[in-house]
Every structure is written in structure tokens, then in C-alpha cells.
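Participant: First the structure, which I've put down as C-alpha cells, then a few questions once you've had a look.
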Amino acid sequence: MEMMEEGVPDVINLSYLAEREETELEKRVAEIIKELGAERLMYCMQCGACASICPLARVGFEWYNKKLIKALILGLRDELLDDPTPWACVACNRCTEICPRRVSPFEVMFAMRRLMAEEYAIGSLAIEGLRSLYEYGHAVYMAGREARKKVGLPEKPPSTESDPKALEDLRKILKQTKLAELGLVPME
């Protein structure tokens, strides 16, 4: 398992908590990914067009779109569950726009996230986003209050950050999810 910082794993893999039969998942990983939203997964011809434009491939993530698709087709489930790449996808959708076979690598990446969530293999990037979502109402930290003021906008955006009741409601919803049971995000 790779480490982001010393002692901090990229992915906290709790797949051993899942109630599914592991061998069945390994046999059917491509079919499961298709069921989770990557309907055209098997149309990929590994041309590399998506990899040529993917920010994840450019910065060195191991299982960027093209490699992820190949690994899914080969059934390399365990290797993928331990990798943070699907959680790092920035959803730019460039891969989908350039794909000559309309595979939608973006959808493959998000289907992989769904599988990882079902298997409790939650990336540290996702956990940090969930912490921020619980604390501030945004999955991504909202910086730039000074910049907002300079251009005449309110200091806080019109979201849960400026609506305490909405933030309270969001926290109630999050407390009712499996996330609360796992205890990965502190919820007072």
C-alpha cells in the first residue's frame, strides 16, 4: 500500500467488512463495473487517446483511465481497491470527449468509485472531502473569501456555508449513512 505522507495510507481498504463472496467479485468485476454505470467498458480498444489527455496520467497516478479499464477487464480487483486513482479523478470529462469508441472513461472511473465505496475501500482523498463536507458543507475547501469581497460578492457563497440550517440538515443526513457507522469522519 502506497503512503501519501508517512504513516497515512492513500486508501483505507476495509473490504474485509463486505458481505460479498470475494471470488465471485473477482470473476465478475468487469460486469459489476458495467452495472455500476460503465456500460461501454468492453468497447475500449486501448488506443490511449484518453490517457494522452488525462491529468491523472500526467501527474503519475498509476491506474489512470486506460490502465484502469484494462485492469478491470482482466479482473484485477484487489490491486484496484488499494489504489487512490479513482478518488483523484477531477471529472474534467476530457477522456470522454476524446474517446473514439464512446467508452466514457469518466463513467468507468466513477463506477470504480461506487465499487470501492461498496467494498469500503475509501480513498483518503474521499475521506478528506467527506470531512470537509461534514464540517463546512463543501467537499472541497472553500477558500478565497478576500477574492470574493474584491469582486463584490458576499464573503460566503450562497450555500451551506452561509446557511447554518442547511448545514445542520446535511449533517443529519450524513449521520444516517454507513459513513457514520464506520467512524472515518468524526461526527459530533
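Cβ from N, Cα, C; glycine included.
For reference, Swiss-Prot lists these features for the protein:
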{"type": "BINDING", "residues": "C44, C47, C50, C99", "note": "[4Fe-4S] cluster 1 binding site"}
{"type": "BINDING", "residues": "C54, C89, C92, C95", "note": "[4Fe-4S] cluster 2 binding site"}
{"type": "DOMAIN", "residues": "34-64", "note": "domain '4Fe-4S ferredoxin-type 1'"}
{"type": "DOMAIN", "residues": "78-109", "note": "domain '4Fe-4S ferredoxin-type 2'"}
Participant: Reported as an integer number of Å, what is the Cα distance between C47 ([4Fe-4S] cluster 1 binding site) and C92 ([4Fe-4S] cluster 2 binding site)?
Facilitator: 19
Participant: For the domain '4Fe-4S ferredoxin-type 2' (78-109), find every same-chain residue at least 6 residues outside the stretch whose CB is under 8 Å from a CB in it, and list them.
Facilitator: 1-2, 4, 10-11, 13, 15, 26, 33, 37-41, 43-45, 47, 49-50, 52-56, 61-66, 68-69, 71-72, 116, 119, 121-126
Participant: If you count CB neighbours within 10 Å, which one among the binding-site residues C44, C89, C92 has the smallest count?
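Facilitator: Ranked by other Cβ atoms within 10 Å, the binding-site residues C44, C89, C92 bottom out at C92.
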Participant: Tell me, how many other CB atoms lie within 10 A of the CB of C47 ([4Fe-4S] cluster 1 binding site), whichever protein chain they belong to?
Facilitator: 14
Participant: Using DSSP, what's the helix, strand and coil tally for the domain '4Fe-4S ferredoxin-type 1' (34-64)?
Facilitator: 15 helix, 0 strand, 16 coil
Participant: Inside 10 Å of the Cβ of C95 ([4Fe-4S] cluster 2 binding site), count up the other Cβ atoms and send me the figure.
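Facilitator: Other Cβ atoms within 10 Å of C95 ([4Fe-4S] cluster 2 binding site): 28.
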Participant: I want to check the contact list for C50 ([4Fe-4S] cluster 1 binding site): same chain, sequence separation of six or more, C-beta distance under 8 angstroms. What comes out?
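Facilitator: Listed in sequence order, they are N65, K66, R94, C95, I98, C99, V103, P105.
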Participant: Out of C54, C99, give me whichever of these binding-site residues has the highest number of other Cβ atoms within 10 Å.
Facilitator: C54
Participant: May I have the list of same-chain residues other than C44, C47, C50, C99 whose Cβ is within 8 Å of the Cβ centroid of the recorded [4Fe-4S] cluster 1 site, in sequence order?
Facilitator: M45, Q46, G48, A49, A51, N65, K66, I69, C95, I98, P100, R101, V103, P105
Participant: Express the distance between the Cα positions of C44 ([4Fe-4S] cluster 1 binding site) and C89 ([4Fe-4S] cluster 2 binding site) as a whole number of Å.
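Facilitator: Taking the Cα atoms only, C44 ([4Fe-4S] cluster 1 binding site) lies 19 Å from C89 ([4Fe-4S] cluster 2 binding site).
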Participant: I want the residues beyond C54, C89, C92, C95 whose C-beta is within 8 angstroms of the mean position of the [4Fe-4S] cluster 2 site's C-beta atoms, in chain order.
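Facilitator: Apart from the listed residues, the neighbours are C50, I53, P55, L56, Y64, N65, V90, A91, N93, R94, P105, F106, M109.
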Participant: Across the whole of the domain '4Fe-4S ferredoxin-type 1' (34-64), what does the mean pLDDT come to? Round it, please.
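Facilitator: Average per-residue pLDDT within the domain '4Fe-4S ferredoxin-type 1' (34-64): 90.
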Participant: Using DSSP, how many residues in the domain '4Fe-4S ferredoxin-type 2' (78-109) fall into helix, strand and coil?
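Facilitator: Per-class counts: 18 helix, 0 strand, 14 coil.
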